[in-house]
Amino acid sequence: MAPGPFSSALLSPPPAALPFLLLLWAGASRGQPCPGRCICQNVAPTLTMLCAKTGLLFVPPAIDRRVVELRLTDNFIAAVRRRDFANMTSLVHLTLSRNTIGQVAAGAFADLRALRALHLDSNRLAEVRGDQLRGLGNLRHLILGNNQIRRVESAAFDAFLSTVEDLDLSYNNLEALPWEAVGQMVNLNTLTLDHNLIDHIAEGTFVQLHKLVRLDMTSNRLHKLPPDGLFLRSQGTGPKPPTPLTVSFGGNPLHCNCELLWLRRLTREDDLETCATPEHLTDRYFWSIPEEEFLCEPPLITRQAGGRALVVEGQAVSLRCRAVGDPEPVVHWVAPDGRLLGNSSRTRVRGDGTLDVTITTLRDSGTFTCIASNAAGEATAPVEVCVVPLPLMAPPPAAPPPLTEPGSSDIATPGRPGANDSAAERRLVAAELTSNSVLIRWPAQRPVPGIRMYQVQYNSSVDDSLVYRMIPSTSQTFLVNDLAAGRAYDLCVLAVYDDGATALPATRVVGCVQFTTAGDPAPCRPLRAHFLGGTMIIAIGGVIVASVLVFIVLLMIRYKVYGDGDSRRVKGSRSLPRVSHVCSQTNGAGTGAAQAPALPAQDHYEALREVESQAAPAVAVEAKAMEAETASAEPEVVLGRSLGGSATSLCLLPSEETSGEESRAAVGPRRSRSGALEPPTSAPPTLALVPGGAAARPRPQQRYSFDGDYGALFQSHSYPRRARRTKRHRSTPHLDGAGGGAAGEDGDLGLGSARACLAFTSTEWMLESTV
């Protein structure tokens, strides 16, 4: 196809057509759509796109790929994807500041070969990986400040080590940097590392940074700064005039000792740095402290392994070495052959100065040297290690003798190869044998010269494990502990000595012995606390239950005994009339009831007596007429007892409230003054208890009850009361008067007559009173 006029004009445009072509290109550029809410400035020959504060959540996909400057600041972009900046080969300046970027895809900037400035400050980046900044071979300015970066990979800056001029990593969480990579940035002008957690700067980092004009290490955790020609250059030393250099390291906990003396000798105009340690220089201005106060202390070894370490060949050993000084000493170890030891498959040096030898060999026998060094000097301490070679055990027999118990033993015994003879066995004695220990004795080995130590090896006949014990050559006894009870053991003692012929350690059997530990008797252990507590609870509960049962049994017996008596009394008193007004009477000074005296003939009262017969009890009541004329009242019960303990009689007496006529009425037949019996009347009788043998006397006007001051209460009740429920007051004064009296004229009142009053014995009265 032949080229048209337009294409030929582009290939060789005449001078008169140049303005027209510029306008045409601008029109074509304006034909590319601009993303919404963005500002596109097409000023030839550059294309600038401004999308600041537009609320973008991601990089707009409609961005012109020919853009030269792209600013996406103050948005909400959370991630940078691989396709966001693809094919933007003309992009020179990219600003992504003040977003929420936390992820950057690998190779996201790989097509930005012309990019000179990348601003990713004020985002949420946590780390910088080596594949994230790949392809930025022309980068000059990298701004990563005010993020959350904790780690930077060593290969992260490899793409622009020779081109970068400005590196900003301030306000992050960095504890370390790839100082080796930083030292290769030969065109670096500004290094900003302030407000991080950096506590160490590798020595020689700034040697090649001849173009560095500003180093900001403010507010980190630096204790010291390594000597570097960078700082010397700022003082004007050298053949070339110095480049202006500003170094800021204020806000660091500087340890002002001899290691910072080189920095103190420099001339500085600022006076912002202070010392944190040592204590006598705390909070003092660094540049105002005299040089003679920047001191160091030589190391002093404070703790080391014992003067001699004994270890069996093949076992591990640890050699400790501690040192103090200012600055803190560094510990190194030197092997017996003069080699400087480091970390290897067999040895390891810890940070605290401990040397671990995992597998010892015969070459390790000798003196190890601990060297502690710092800026003020060094200190050494020897540690001797003695490696005991493994004993040369005899080969196992072709046909081992049968064992009484299952198991095997590889100890040389008199009946097996490797043992000397029966005399060797006799030289070894097992004494003080218990269930878990035994004391082994053997004589001195004079025929064997140069004995270095003794080796005791033993095991049980049912155990395949062989136990070794190394003891000094001066010992002739050994106490073996931690044995199992009731088990047979084979034990041999070997002497380790130097064989002059081979110059190697050799062993010789001193003797062997077989023994059986005692059985483990069942120990008598005291009862535990919770067992004693349970026993006490059971015992106390048993006592309480027994007491309750005894109390119940006593109540049942008492109820049965007194319940039968109450029932008999109730049966005998069912026919008695209703009574009231209780009064207590005693026979006063009466001495007994051997013979009951008769009532006087002139008395106006007649006593009623209960006549008992063998067929059925009959009650004969005798009444006497009363002179007083009183109203009719209910019968009254009067209980009395003689002081001499005589029986108490049950009689009927008229109540005080009864009238004269009604009181004269008798229940049963009565005698007239002439002695003749008269028929009974229909008036109800009055029941009372009078003391047997007591003379009849007029009834007192004042009543008394068995309960003392509760007489009125008894007077207000008209229901009958049992005689056993009442109390007896023997101290009533007006009832203890002259009580005897002469015997009545009536002979029927005597004790010898066939008719007898119903009486309560003294024993029954006391039982009833107790209840």
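Quick reminder: no glycine exception, Cβ is built from N, Cα and C everywhere.
Looking at Asn87, Asn459, Swiss-Prot tags one of them with N-linked glycosylation site, and that residue is Asn87. Swiss-Prot records phosphoserine for one of Ser170, Ser646, Ser718, namely Ser718. When you go through Asn343, Asn420 in Swiss-Prot, the residue listed as N-linked glycosylation site is Asn343. For the residues Ser122, Ser613, Ser632, the entry in Swiss-Prot flags phosphoserine at a single position: Ser613.
Nonlocal intrachain contacts for the repeat 'LRR 3' (114-135), taken as residues 6+ away from its ends with a CB within less than 8 angstroms of a stretch CB, comprise 73, 89-102, 104-108, 141-160, 168. Summarising model confidence by region, the repeat 'LRR 7' (211-232) averages a pLDDT of 86. Following the DSSP three-state reduction, the secondary structure of Cys370 (disulfide bond) is strand.
Sparsest Cβ environment among the disulfide-bonded residues Cys321, Cys370 (other Cβ atoms counted within 10 Å): Cys370. A strand conformation is recorded for Cys321 (disulfide bond) in the three-state DSSP classification.
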